[in-house]
Amino acid sequence: MEVMNLIEQPIKVTEWQQTYTYDSGIHSGANTCVPSVSSKGLMEEDEACGRQYTLKKTTTYTQAVPQSQGDLEYQMSTTARAKRVREAMCPGVTGEDSSLLLATQVEGQTTNLQRLAEPSQLLKSAIVHLINYQDDAELATRALPELTKLLNDEDPVVVTKAAMIVNQLSKKEASRRALMGSPQLVAAVVRTMQNTSDLDTARCTTSILHNLSHHREGLLAIFKSGGIPALVRMLSSPVESVLFYAITTLHNLLLYQEGAKMAVRLADGLQKMVPLLNKNNPKFLAITTDCLQLLAYGNQESKLIILANGGPQALVQIMRNYSYEKLLWTTSRVLKVLSVCPSNKPAIVEAGGMQALGKHLTSNSPRLVQNCLWTLRNLSDVATKQEGLESVLKILVNQLSVDDVNVLTCATGTLSNLTCNNSKNKTLVTQNSGVEALIHAILRAGDKDDITEPAVCALRHLTSRHPEAEMAQNSVRLNYGIPAIVKLLNQPNQWPLVKATIGLIRNLALCPANHAPLQEASVIPRLVQLLVKAHQDAQRHVAAGTQQPYTDGVRMEEIVEGCTGALHILARDPMNRMEIFRLNTIPLFVQLLYSSVENIQRVAAGVLCELAQDKEAADAIDAEGASSPLMELLHSRNEGTATYAAAVLFRISEDKNPDYRKRVSVELTNSLFKHDPAAWEAAQSMIPINEPYADDMDATYRPMYSSDVPLDPLEMHMDMDGDYPMDTYSDGLRPPYPAADHMLA
């Protein structure tokens, strides 16, 4: 009956809502005009606390439900209890003369008496707050059952008024704790929010859940009551405040409530969130983007849903059009997570992601710069043909001068990928002192292979196949890089780094001016040592009949090919030829002619071609029985291999009898030179054959994926992001660090 009376008198409900802080009106039913708390005492209390409140008298009505004398006595005792406690503990708060606490006042100054009284005033204020806190909690606890019934009422007006009251209660900590301790009330709020078509009710109910979500108990209550699907539904609301409350509540759930991420995914939350990226409120977008990052991190299906709903394009637009740092940071975190997804990467690049991210590399926000660097690093393997990256490349070269390990790792990796098979980018980096900057980065990196390896790869790209390649080759020498580079051949450096270094040395040897410094750095003995070790390892597997395994992503046959190719170029110098010959390498080179790998046959024939220019070496080649395999190689499908073989045969047959020379000549004519006079001339005159090696094509980083990476701390309840672990290396572009994502710590 009491609830029915409240429904029949909306004006009374309104007045109750306005004055609920002091008397809910549900349990007392007192037919009285007495204020719930003495207005004079409360005003004095407010002055002591330095605060002001709007005071109203509370009138409750009991026309339909007469109240017993016992209920009235209970209400009077409850109302007076707080006042008695205040009077007992803080007489100055409720007395008539509290305003005269300090009569002596010098205008604009604090007297000594006032300063002495400050601690007691602070204590009095704390006690008053404690009493009020207890009052709020008791009030909310008494009101909960009745409020739950009102929220479940069939009359939408009653439901709206009840939602308003609960919303007010949820704004105070004590009453808020009472609310989230009632599963029935939270469930009623969720049910009301899900079923209402009234905008005010939707606003109040989402506000209630938003307030509760600031406590772990509240998050659990929302989660258990099925609040996540209801909140996802509210993301379609046309009311901005409802959208804000819904997205912030979901954000808190995603951050702190176990199981929330899966629940949001199952409720199609991603499909609702991605379109919200078209809103224009930066703070709203910052929370929305962080929700996307939390859902996409470590979950490939979520990344694909974001892609299917146009997420990459919208995120790139945000990076391009906004300047709010927190939004740019959260957006860059989403892009960083998506940048390890093979499907999302091309979409981000095609939307102009490289250029948009590059805009922020000079930002004053270190966390934004680092996220942009990681994302660029991860995208760079699919952006080798992108135009308009001139400013990005210049900034990356400048970034090589910093000492931050993450910055150096990203800058070197990105430069390595963007200079892969891109002559324009190679020339630009070379002309902007990129070679010098990379050498200095290598010198500072020490044993950090994740910096040294991509830096060496970038140098390898810059020293071949573009108009400024010779300039780059000379620049390495002029910046004292050769000794440091040769040292990288030492074990126990990782094989990927060793392989990249071998390729760089081969390119440096193309410049005659580099031969002497390379020799002084003892590069030839180191290359021969690596060649012997790699060949022995490869032969062991051949003898055992097992497949050649990868060591850190590198096959030993690749090391054999690289070392032999570098020695081939170095052997063009007479002093180097003599040193290679004296290291007793000819038996090994002859053995390599029998290799089943075509590229190894070619480089072995090439180095023998150079060595055979010296008679002593030519005799040694002949003595090792090289004629037979060389005759076979005359029929090779690789023209370079056949030409090298012919040149060696001509050289070693010079001292043979005429019959032998004639037989060799006939064989060469029939097999190789019948339709190629130029090759005949080349073989006879020992002109070096300069066809490109297999590794002349720039080798970039291969995809390296690892597990989820740590993320940067988010200051507005956003505590996650992605960082990137170490990856392995091999030839090929280096895509992202993780195949899962990054968490930023």
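Positions of Cβ are set from backbone N, Cα and C atoms, glycine also.
Here Swiss-Prot flags Thr14 as O-linked glycosylation site, drawing on similarity to another entry. Residues or ranges marked as phosphoserine in Swiss-Prot (evidence: similarity to another entry): Ser99, Ser125, Ser182, Ser665, Ser730. If you look up Swiss-Prot, you'll see 132-171 marked as repeat 'ARM 1'. Annotated region 'Interaction with DSC1 and DSG1' per Swiss-Prot: 132-297, in sequence order. What Swiss-Prot records for 172-215 is repeat 'ARM 2'. Per Swiss-Prot, the feature repeat 'ARM 3' maps to 216-255. Annotation comment: Swiss-Prot describes 258-297 as repeat 'ARM 4'. Look at Swiss-Prot and you will find 298-341 tagged as repeat 'ARM 5'. Residues or ranges marked as repeat 'ARM 6' by Swiss-Prot: 342-381. According to Swiss-Prot, the repeat 'ARM 7' annotation covers 383-420. What Swiss-Prot records for 423-464 is repeat 'ARM 8'. Residues or ranges marked as repeat 'ARM 9' in Swiss-Prot: 470-510. The annotation repeat 'ARM 10' is assigned in Swiss-Prot to 512-551. Marked as repeat 'ARM 11' by Swiss-Prot: 574-613. The repeat 'ARM 12' feature in Swiss-Prot is assigned to 615-661.
Mapped onto DSSP helix, strand and coil, the repeat 'ARM 7' (383-420) counts 24 helix, 0 strand, 14 coil. With a threshold of 8 Å between CB atoms, the same-chain residues lying at least 6 positions outside the repeat 'ARM 10' (512-551) that come near it are 473-474, 476-477, 482-483, 486-487, 489-490, 495, 498, 502, 505, 557, 559-560, 563-564, 566-567, 570, 572-573, 575-576, 579-580, 583, 585, 588, 591-592, 730. For Ser182 (phosphoserine), the same-chain residues 6+ apart in sequence whose C-beta sits under 8 angstroms from its C-beta are Leu144, Thr148. Remote same-chain partners of the repeat 'ARM 7' (383-420), defined as residues 6 or more beyond its termini with a Cβ less than 8 Å from a stretch Cβ, comprise 349, 354-355, 358, 361-362, 369-370, 373-374, 376-377, 426, 428-429, 432-434, 437-438, 440-441, 444-445, 448, 450-451, 454-455, 457-458, 461-462, 698-701, 733-734. The repeat 'ARM 2' (172-215): residue composition by secondary structure is 35 helix, 0 strand, 9 coil, according to DSSP.
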